[in-house]
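Participant: I have a structure here, written as structure tokens, and I will follow up with some questions on it.
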Amino acid sequence: MGKEKQHVSIVVIGHVDSGKSTTTGHLIYKCGGIEKRAIEKFEKEAAEMGKGSFKYAWVLDKLKAERERGITIDIALWKFETEKYSFTIIDAPGHRDFIKNMITGTSQADLAILVIASPPGEFEAGISQNGQTREHALLAYTLGVKQMIVACNKMDDKNVNWSQDRYEEVSKEMDLYLKKVGYNPAKVPKVPTSGWTGENLFERTDKTHALGKWYKGPCLLEALDNCDPPKRPVDKPLRLPLQDVYKIGGIGTVPVGRVETGLIKPGMVVTFAPSGLSTEVKSVEMHHEALPQAGPGDNVGFNVKNVSVKDLKRGYVCGDSKNDPPKGCASFNAQVIILNHPGEIHAGYAPVLDCHTAHIACKFSELILKMDRRSGKKLEDTPKMIKSGDAAMVKMVASKPMCVEAFTQYPPLGRFAVRDMRQTVAVGVIKSVEKKEVEGKMTKSAAKK
């Protein structure tokens, strides 16, 4: 057994008919953990329903449907490997809660594959003012997905026919747009692909192929393998948002969550925000195994001394008492992008915020300024209202105690989705937090240390 490959999480984004599902399905099909038998079954069903041309998308739809019906699909199906990395596709659009998931991210994406349709008319629709290509690229950047690969898909379409001119035209347009969003276009590979034929997905196109005659760059899999290894924030102070709190007979209170930054280890004294309670960690476990320590990305349960289950809740944040412990907030300022709200938003609007594992109503107490959503330049001070498509700096006040952080310091605790009318109305990034000092309880074991 060699050294374990580094894990990289991918999110696949792009306009509705760009061929995302076919491309993703094909990737998983070729490199992933789907059993041959399951694929053959899907192929047969697709053919019977006259959907032969959708066979790879069909694979993905089947997986998604099962996932949405709550049948837990072996997550290995969504994994595939390259020479250097082990990739997991953590989400593909088409999921109802895609945007919310992308923000509160059960796991944060390290890399985005932006799939665009190359045929004339289709590409233009995706990149138009209200096209999803724009929306998704902007979201990915706003939410801190640092690396991107563009798949110029549907190159096999009869109106493209592997044309170098069309590829260059589309690439140039994408570069202009990605630069506006904030990416460095020179660092974003544009890979011509066909999700349907599989051309240039897994291996470089043959020189005799219409594409191979002019394209000499990497295939999609190589481009993925060439990505920079993600840096994990081990050296930051501990932040661990609680997903659940259990009471386990004979053991006691066990909070559960994912370490976002820093390390947690037995013997450490931790503080929970927003309540300010401090106690000692007795043990840390992952998959029923005791660990000497756990770091970013680890989903763990940890046992705490002399703390009742009633004292801790989902959405609380655990941190190291001696190293920048987390605190509740009185208010915070955030840059908010309104995605889809049917009316006008005024000061006093109070939707629900999903930030890390917290789900709390927050009031837009003050609209500070309206800004250009791409350049960040100020457009007007204290606007009367904001609406879909606007970006604004807003002062927010939570309806009950909550713990959030500035995005620059602790990214996973500094981005949020605004939910209203059962959809994601806006996304936000927290710029600054006004902390609230509380006299928290300290258990005996914490006081001793």
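Just so you know, glycine gets a Cβ as well, placed from its N, Cα and C.
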Participant: Which range, 1-4, 153-156, 273-276, 377-380, does Swiss-Prot list as region 'G4'?
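Facilitator: Swiss-Prot lists region 'G4' for residues 153-156.
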Participant: Averaged across the domain 'tr-type G' (5-234), what pLDDT does the model get? Just tell me the whole number, please.
Facilitator: 77
Participant: What residue among the recorded positions LYS20, LYS79, LYS187, LYS310, LYS400 has the most other CB atoms lying within 10 A of its CB?
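Facilitator: Of the recorded positions LYS20, LYS79, LYS187, LYS310, LYS400, the most buried by Cβ count within 10 Å is LYS20.
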Participant: DSSP says what for the region 'G1' (14-21): how many helix, strand, coil residues?
Facilitator: 2 helix, 1 strand, 5 coil
Participant: Rounded to the nearest Å, what's the C-alpha distance separating MET155 (GTP binding site) and LYS187 (N6,N6,N6-trimethyllysine)? Just drop the number here, would you?
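Facilitator: Between the Cα atoms of MET155 (GTP binding site) and LYS187 (N6,N6,N6-trimethyllysine), the distance comes to 22 Å.
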Participant: Please report the three-state DSSP label of LYS400 (N6,N6,N6-trimethyllysine).
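Facilitator: It is coil.
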